[in-house]
Amino acid sequence: MTSEASSSDKTPSFEMTWGSSTSSGYCSEEDSDTEFEQYFTARTSFFPKTRKPNVTDNVKKDEQIESGKQELTTAEILQKVKEYNSKINSNLFMNMNKDGSYTGFVKVQFKLARPVSVPAPKKGGPDAGGRRASGVKRRTSFYLPKDASKHLHISSRTSAREVIEALLKKFTVVDNPGKFALFERSERHDQVYLRKLSDDERPLRLRLNAGPNEKVLSFVLKENETGEVNWHAFSMPELKNFLLILQREEEEHVKQIVQRYTLARTRMLEALSGSTPG
């Protein structure tokens, strides 16, 4: 756990700590001469499972949490910080700065359906295999563990966009931050609501106003879905590897279907051989 920042610098600082056992394991066929990105597929399918319609897709604007947008006086902020710190059962406290800003922790849960790209592990010197000399930047892509999460130590001035960039930097993800979006998640009246944060919203302000209860407010990192997948946003190696993954899944599905019908045929033949005429 990192120590709490007390700097009054206006530039938001990102002091990050691990929030869960997020595996960083991945494999890379660095010895291969192909420039394809190597994928470690920790999921059973390239496509996310079809989900049932959720009330989060129809959340109304008037039900969104607006408290984080309220401008508070320094005295009001100080009072809220004291109330917040009195409710938590850990040392993830919020702290006031002399300039009226405050710092604290936000927990972000990862809900990514697609793999993320990181720099490939370095092997050998700068001229190993002549790859670096050729100007080809190799990357390794893998799926983050399901329900992984991370705590970030941020400022009240830190924007949602900066939170995304800090998360990607912590995991050394080289994908465009524009591919991701930060959502606030809340549970009300036995229903779950999701709202996409704009780039300039301040997550720590939302956290302070909502309090430490994760059911009232939590943060989720997801793909920045705008409808259909924008395949043009992916690099050529990424697209080629997606095709390879699809081919492997297709072959696996075909294998399962053949096995199923083979088993059914075998059982039918056994039933026929054991039956008596008439």
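In case you wondered, yes, glycine gets a Cβ from its N, Cα and C as well.
Looking at 1-29, 30-58, the range annotated in TrEMBL as region 'Disordered' turns out to be 1-29. Residue counts for the domain 'Ras-associating' (136-226) under DSSP, helix first, then strand, then coil, are 22 helix, 32 strand, 37 coil. Taken through DSSP, the domain 'SARAH' (228-275) splits into 42 helix, 0 strand, 6 coil. On the 0 to 100 pLDDT scale, the domain 'Ras-associating' (136-226) averages 89 in this prediction.
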